[in-house]
Amino acid sequence: MENNRKTIIAGNWKMNKTTTEAVELIDALIPAVADAQCEVVICTPFTALATAVEKTRGTNIHVGAQNVHFEQSGAFTGEISAEMLVDLGVEYVITGHSERRQYFAETDETVNKRTLAALNAGLKVLVCVGENLEQREQGVTEELVRLQTKIALQGVTKEQLPQVVIAYEPVWAIGTGKTATSDQAQEVCGCIRQLLGELYGEDTAQTVTIQYGGSMNPANAEELLGKPDVDGGLIGGASLKADAFASIVAAASR
Ligand code: 13P
């Protein structure tokens, strides 16, 4: 079924690329994705954001951060506020990435607080949800992903929802080379859309971009993106090489 949702391919560089390396990658990316028929986003480390914003000005590449604190300012050593990101010219931010949940004590509640703070500051948010291997084997994937999504969106209004993208990232598929099958991705992305329908109404749910992430690469992107409820990708490893990332963007543009 045709839809008019925005397809978004976003690179999550994670803790990779010095500013010097970021310049090299962006220089290679600009011509490689210039003809994209989808939205292209790069989420760089904090240290490369200012450079990325500067380098991509006037191009079709949008810049995002990988995390944001929920307070506006104050004694939060090492943290970065939404206002600081906006001030730099950053447009997107990722919240709730599984690596932050796993290694930095992120909870559904803090994901919600970060998401609200980012939206209230005018950022677009890529909210990550997804089950780990044990949860998949226990057969609780749908309940878990529904719960994560519902809590992440507490207090997010219908008016703010167009600024929200949901990224379904099964933890067992991240960085493992073990991609979810396109049917598995569709099943969970469809279930997220159903939940959005319950929360915001079916018409609104049909407009939300839902991405898949987890070992997406040039070889599997087209098949995954061909599924009706998979509207884009959040790309880790393959976003660090211009040619691989551009191939995924090309697959999303077809
Ligand atoms: P990989 O593409 O390296 O599996 O990472 C996916 C991811 O976590 C993107 O946020």
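For all residues, glycine too, the Cβ spot is worked out from N, Cα and C.
Bear in mind that TrEMBL entries carry predicted annotations, made automatically and left uncurated.
Per TrEMBL, the candidate among S73, S215, S253 that belongs to the substrate site alongside N12, W13, K14, G175, G236, G237 is S215. Here the C-alpha separation of K14 (substrate binding site) and H97 (active site, electrophile) works out to 10 Å. Neighbour counts of Cβ atoms within 10 Å were compared across the binding-site residues G175, G236, G237; the minimum falls on G175. Neighbour counts of Cβ atoms within 10 Å were compared across the binding-site residues N12, S215; the minimum falls on S215. Calculated from their C-alpha atoms, the gap between G236 (substrate binding site) and E169 (active site, proton acceptor) amounts to 11 Å.
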